[in-house]
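Everything on this sheet refers to the single structure shown next.
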Amino acid sequence: MDSRSSNYHRNHDDDDDDGDRNDNHRHHYKHRKYQYHSERIRYQNQYDNQTSNSQSSSISSIVANHYNSIHNNDIQERKKSRIYYMRNFNNWVKSIIIRDTIKLLRSERDDQNDTEFIVHDLACGKGGDLTKYEKSQITHFIGSDIASVSIEHCKERYGNSRKYFKAEFINADCSRELIKDKLSDPNIRFDMTSCQFSFHYCFESYDQVRTMVRNASECLKIGGIFCGTMPDSIEVMRRLKECGTNQFGNDVYSIKFDKSYDEMTAAGISLFGAKYDFHLEEVVDCPEFLVYFPIMEEICESYGLKLIFKKRFDEFYEENREGDDNSRLLNFMEALEKYPPKDRERPMGKPEDYRHIREYLQNSSGQSINTIGTLSKSEWEAVTLYLVFSFRKVF
């Protein structure tokens, strides 16, 4: 069996690197016009047109209720999921960013005998990353989340673990309530804040973004790191424009806006509260919000957080799939589907989802490649909607 892996490379209207993209999207709040995906698009300034509190609260409740309603599945049930490998791939990305961030911060310490390491998992959900923190030998975990049932599941998961680190759990809307006021020790300082697949929910309003960023930064040590994953709004808008209607997706995910790309850009896309409905098979079915990254970066800077990097999932994968540790982790976590499948097993996707692999294997004449690791086309289209980010606390 060949251990190499295959993936898709997206075609963009332009072939800008991240630096060019960031330059294209520079802005000032006072301006009424901004650049989005290398085009002039008018944005509404949210300073004088905030989402109403009642509407904002109701959407937060929808999100909380949605995550509260998701049942825990055992490993056998998860293996039957259409997006089993995609979820494992996302977990692999999180594992790498969490592990490498902790390694980096520990390597920078003056006292290498100092083993204390404190993590704030902002929007921790049901505690899916607890094992990752255990493997990185942290000493203190603080988990906060808006969904009360998720927090209870997180507590239960911690209770069933070997409890190698101390833990506390906070049920709060992290985009509206200050976490510092709810800590058992308000003077505690985190080495790292992690926010995985959740930050975009705060972009419902300007105030919510500021509160969320404050919660990420306020108790973070100088030199500490705020890292996370979230949808790439540039890619979301690119696909919306390409589809020609107000919705796009495949058999794994779908995104629906109230208007088409042309209608949205003609009316002006709000910097905050730019809502769309997101559905991900078996996992997500609730409203989300576009995150215009330069705005996020500027607000983070106002709270002492300086951008280290921002990378799309496909970029992050290409940079991190090599090396014994990362490649072993890919296999151990079953982050890629083996194709063709063994014996009489069926692949997760439809036959056309694996055309690229069949062509690759056919063109590999003379090489003894029997099996290759991949994701179905539909799953790859879903994972490449996301990006990973990292900020350093500088003041």
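Any Cβ shown, glycine's included, is placed from N, Cα and C.
Automated prediction, rather than curation, is the source of TrEMBL annotations.
Listed in TrEMBL:
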BINDING   Asn90, Asn91  mRNA binding site
BINDING   Lys94, Ala123, Asp145, Asp173, Gln196, Tyr201  S-adenosyl-L-methionine binding site
COMPBIAS  24-35  compositional bias 'Basic residues'
DOMAIN    81-394  domain 'MRNA cap 0 methyltransferase'
REGION    1-38  region 'Disordered'
SITE      Lys126  site 'mRNA cap binding'
SITE      Lys132  site 'mRNA cap binding'
SITE      Arg157  site 'mRNA cap binding'
SITE      His200  site 'mRNA cap binding'
SITE      Glu288  site 'mRNA cap binding'
SITE      Tyr386  site 'mRNA cap binding'
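Within the set of binding-site residues (Asn90, Asn91, Gln196), the lowest number of other Cβ atoms found within 10 Å of a Cβ is recorded at Asn91. In the three-state DSSP classification, Tyr386 (site 'mRNA cap binding') falls within a strand. Among the recorded positions Ala123, Lys132, Gln196, His200, Tyr201, Tyr386, the ones whose Cα sits within 10 Å of the Cα of Glu288 (site 'mRNA cap binding') are His200, Tyr201, in sequence order. Taking Lys126 (site 'mRNA cap binding') as the reference point, the recorded positions whose C-alpha atoms are within 10 Å of its C-alpha, out of Lys132, Arg157, Asp173, are Arg157. When the Cα of Arg157 (site 'mRNA cap binding') is compared against those of the binding-site residues Asn91, Asp145, Asp173, the shortest separation belongs to Asp145. Among the binding-site residues Lys94, Asp145, Asp173, Gln196, Tyr201, the ones whose Cα is located within 10 Å of the Cα of Lys132 (site 'mRNA cap binding') are Lys94. DSSP classifies Ala123 (S-adenosyl-L-methionine binding site) as coil under the three-state reduction.
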